[in-house]
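Colleague: Take this structure, written in structure tokens, and hold onto it; I'll ask about it next.
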Amino acid sequence: MGDITWVEEGNGSATSSRKRKARPKRFEFVGWGSRQLIEFLHSLGKDTSEMISRYDVSDTIAKYISKEGLLDPSNKKKVVCDKRLVLLFGTRTIFRMKVYDLLEKHYKENQDDSDFDFLYEDEPQIICHSEKIAKRTSKVVKKPRGTFAAIVSDNIKLLYLRKSLVQELLKSPDTFEGKMLGSFVRIKSDPNDYLQKYPYQLVQVTGVKKEHGTDDFLLQVTNYVKDVSISVLSDDNFSQEECEDLHQRIKNGLLKKPTIVEMEEKAKKLHKDQTKHWLGREIELLKRLIDRANEKGWRRELSEYLDKRELLQNPDEQARLLREVPEVIGEELVQNPEVSSPEAHKSDNEQRLSESPLSCIHETPEARNLFGGEDQQFNNGYVMSNPITTPGITSCATEINKGLPTWIASAGAEYLHVDVEQPANGIIGGETPTEESKVSQLQSSIPVNNVDNGSQVQPNPSEVIELSDDDEDDNGDGETLDPKVEDVRVLSYDKEKLNWLYKDPQGLVQGPFSLTQLKAWSDAEYFTKQFRVWMTGESMESAVLLTDVLRLV
């Protein structure tokens, strides 16, 4: 019968001794510093009752290294550690310039779980059996991020493409468009755009097309009407001011706010190309710096440049950079107190009218033709100077009688003019009116048709309709209107509110924008005279000429 060998089941612990590079141990702290640091300072006669700064400890170690002659004869940047330094740093050699960084883990205030292996020398170390047991990992709870990505330089760099990189991407036409869409490029600002404060601006690529008759590509970008040639792109870094300008345009609604998921997916697609392009540029730059340091005799800078170039040319370092996963910074979760529903802005008077029988007034062609046909804005046949959501009722939002709004509703040839009641004491804004306003009751003989059931609705006799005392029969142009119709004054739209949408030449709906922005672009002749816009909450079919809207501004 053969021998039987019992094998212990694996439990996640190592069963044999081997050499490997280990992370630094978690230190035992005595007061403000680790036990190793405190003992080292005690051996030099230092008082550790109060915390000694890292700068002072680093200076003390530098003097100790010079005094003991611990610099490596073949490489003056390396230190051959003696017994004291081995106990302190846990390795036989260190870089002289890394002493300050190596001391960070020895301070209790800096204790964390981040990996600090890159500060240590690449040499195998013998570790004890207790270190070979698999360590339990604790879950680190990260700060929650918002849905949208922050518009900061670190995020924009992940999607920023220089001119030289775009030219490299052109060598693969099959993937060129997919990599360009959604990325950011830097172009010169339009000299005729007086709203642009900086000579260059960051724009997002929204489309790619071939130039007619050639194989060259043209880019369609935001905030720029014309197509952009690749030859005019910038090959330099963007500035912080340009990034802030991009952020402001996104806040104004000129660009779509990117989400974290969208930006992460796009950054992963571009990471490999960006890293290879950066490595080539950096190595070429170091070559020029090395030549310059040789000419000037800068020995210290020359040594640093040579080390950095050697590191970047190392295949392992290049592979590590390519494996890095770009991380997107999320927008801070800050509640915006200004965001509210449209119902919150509805006045009490408008709410009262929307619930009254006046909301059932019948549509008539006379109302459509009374004020100039196409030049006026209508909602189902009723005159509207500022569209609202209540069908059949028009909020002219006029400023009759010192800022009191007036609503006009039409039924056939009759018009009901409703004014907000004056205060009981007859004083508005601290002023006494010169003449008391006229008050009249609605005549019950005026029929008002109900659209729902066809029956005539008689106004409530108790309702009081206040007529403005300064209404005249003549309008501003000297033309006489129907005496039954009250004078309608149109209040300008809110110029700063983001209320307006339009359709661009590519067929995409853009907006919302404010009238201030639209007027600036119209003055710069970006739009034709037949350019149409419409308000949020309405359909594209209700679009009106921008020139007509701007007349009311």
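Backbone N, Cα and C atoms are what each Cβ position is placed from, and that goes for glycine too.
These came from Swiss-Prot, pasted as-is:
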- 343-353: compositional bias 'Basic and acidic residues' (COMPBIAS)
- 447-461: compositional bias 'Polar residues' (COMPBIAS)
- 466-480: compositional bias 'Acidic residues' (COMPBIAS)
- 26-109: domain 'SWIB/MDM2' (DOMAIN)
- 150-275: domain 'Plus3' (DOMAIN)
- 497-551: domain 'GYF' (DOMAIN)
- 335-357: region 'Disordered' (REGION)
- 447-482: region 'Disordered' (REGION)
Colleague: Where DSSP helix means H, G or I and strand means E or B, what are the helix, strand and coil counts for the domain 'GYF' (497-551)?
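Modeller: The counts are 17 helix, 15 strand, 23 coil.
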Colleague: When DSSP states are grouped into helix, strand and coil, how many residues of the domain 'SWIB/MDM2' (26-109) land in each?
Modeller: 43 helix, 16 strand, 25 coil
Colleague: Count the residues of the domain 'Plus3' (150-275) that DSSP assigns to helix (H, G, I), to strand (E, B) and to coil, and report the three numbers in that order.
Modeller: 53 helix, 25 strand, 48 coil
Colleague: Express the predicted model's confidence over the domain 'SWIB/MDM2' (26-109) as a mean pLDDT, rounded to an integer.
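Modeller: It averages 85.
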